[in-house]
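Student: Feature list, courtesy of Swiss-Prot:
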- Glu266: active site, proton acceptor (ACT_SITE)
- Cys300: active site, nucleophile (ACT_SITE)
- 164-166, 190-193, Gly223, 243-248, Glu266, 397-399: NAD(+) binding site (BINDING)
- Asn167: site 'Transition state stabilizer' (SITE)
Amino acid sequence: MSSGANGSSKSASHKIKFTKLFINGEFVDSISGNTFDTINPATEEVLATVAEGRKEDIDLAVKAAREAFDNGPWPRMSGEARRKIMLKFADLIDENADELTTLEVIDGGKLFGPVRHFEVPVSSDTFRYFAGAADKIRGATLKMSSNIQAYTLREPIGVVGHIIPWNGPAFMFATKVAPALAAGCTMVIKPAEHTPLTVLFLAHLSKLAGVPDGVINVVNGFGKTAGAAVSSHMDIDMVTFTGSTEVGRTVMQAAALSNLKPVSLELGGKSPLIVFDDADVDKAAEFAILGNFTNKGEMCVAGSRVFVQEGIHDVFVKKLEGAVKAWATRDPFDLATRHGPQNNKQQYDKVLSCINHGKKEGATLVTGGKPFGKKGYYIEPTLFTNVTDDMTIAKEEIFGPVISVLKFKTVEEVIKRANATKYGLASGVFTKNIDVVNTVSRSIRAGAVWVNCYLALDRDAPHGGYKMSGFGREQGLEALEHYLQIKTVATPIYDSPWL
């Protein structure tokens, strides 16, 4: 493991441009005047003081979004016109990639290289993908059984509340905002309190792109105040949320108790990554590392339960151990860095607590498991073996750099154990046997099965969960469906030569 994980001086000198709320096309202070600090997780230093929105600010933002939806141009302009603005937005994201990447690094502890070369380009391409759908939203002509002609209209659902997580603000902004814009919706966005800066900058870019005032509104704040106000607001027509299962339940309850607004939830996971005896061991070990330590393990789809068939267990663990020890922890701006700090102090403490639970419950700590460096929320990449299904580290989502290896014997056994979880977000299968692939992929109760790979996410591939990992789909044209309603229009016809 490499040294030098004390953060970068770049954050101290970087000028933060936007710290207020973004409502009706303008950056404004919160009504109360309250603020909060956002922290650089690599240095534990205050980056900026940000306006704190509460219920009254959400009300103001919803009022702007409602006016923009009911009387503004966005839902009424042609799909082609919306497409052109969204493509301009995508271009502006690319033109400001360095700024967006820097904000992701200093505000969220993410790594400069992966964000600059993957997450930001994927974000802009997500806008391009859904821009391409904006002028292709159409209804259908219906074959009625009587002298009636009918057709369907697909109309935007209205004002949407987006509650965005802290583990990938730019990517999640694009994932939620792009399809909603394509559909013709207006929206209020509540970024995570730990990472508001990227979302505020993206709001600025939306104005430059020509998105009309009131269509995109951003209210920084805390979940129990601003987030709760979004979930329970009587004039928000739909809510999307990405985050923990516990908070997702709260969001769903608030939506039901207010105006019965629909919700789309992408929640927690405890995904199985299954390695069979005939697998390419080197490839499987490589993807097990990527599937758990990418973004410091702060991924809902992390394949943190690595099931290894007994015939290759010891060899696989040895390869995994070497790869974990080589996973370089350094300054997030260093392009050679593979591992950065956890996003915030609360998450840092939670991960360390889970590691301690693993040791107390009898799992074997092979490597890692300790804080790293003198400053910042760094935790060594961690590998446990001799893990059993009843241990906390095998049951609960950790959302950190911790791999648990579990041994299995048969296909039937591993399917049963892989499904013995309240979650169902993703999974991985490594084998050369197509029959095993077919059996396992049809048996695993999860929203994705990645065969001989992992993290195969793409804007054209619908992503979402089974069970307590939520419902609804993001990415793919299926995501657009959440933001559209179907209206049937029927009129009688008289003396028609045919029906």
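Glycine too: its Cβ is placed from the backbone N, Cα and C atoms.
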Student: Which recorded positions (Ser244, Cys300, Glu397) fall within 10 Å of Glu266 (active site, proton acceptor) by Cα distance?
Tutor: Ser244, Cys300
Student: Far apart in sequence but close in space: which same-chain residues, 6 or more away, have a Cβ under 8 Å from Cys300 (active site, nucleophile)?
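Tutor: Those within reach of Cys300 (active site, nucleophile), by Cβ under 8 Å and sequence separation of 6 or more, are Asn167, Thr242, Glu266, Leu267, Gly268, Gly269, Glu397, Phe399, Leu425, Ser469.
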Student: Which of Asn167, Ser244 has the fewest nearby Cβ atoms, counting only those within 10 Å, among these recorded positions?
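Tutor: Least crowded of the recorded positions Asn167, Ser244, by Cβ count within 10 Å, is Ser244.
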Student: Please list, in sequence order, the residues in the chain of Glu193 (NAD(+) binding site) that are at least six apart in sequence and whose C-beta is under 8 Å away from its C-beta.
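Tutor: Residues satisfying the criterion: Phe36, Thr38, Trp166, Asn220, Gly221, Phe222, Gly223.
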Student: Need the DSSP three-state call for Lys190 (NAD(+) binding site) to compare against my parser.
Tutor: strand
Student: Which one of these recorded positions has the most other Cβ atoms within 10 Å of its own Cβ: Glu266, Glu397?
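Tutor: Ranked by Cβ atoms within 10 Å, first place goes to Glu266.
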Student: For Val247 (NAD(+) binding site), which of the three DSSP-derived states applies: helix, strand, or coil?
Tutor: helix
Student: Go through Ile164, Val247, the listed binding-site residues, and name the one with the sparsest Cβ surroundings, counting other Cβ atoms within 10 Å.
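Tutor: Ranked by other Cβ atoms within 10 Å, the binding-site residues Ile164, Val247 bottom out at Val247.
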Student: Is it possible to get the count of other C-beta atoms within 10 angstroms of the C-beta of Lys190 (NAD(+) binding site)?
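Tutor: Within a 10 Å radius of the Cβ of Lys190 (NAD(+) binding site) lie 30 other Cβ atoms.
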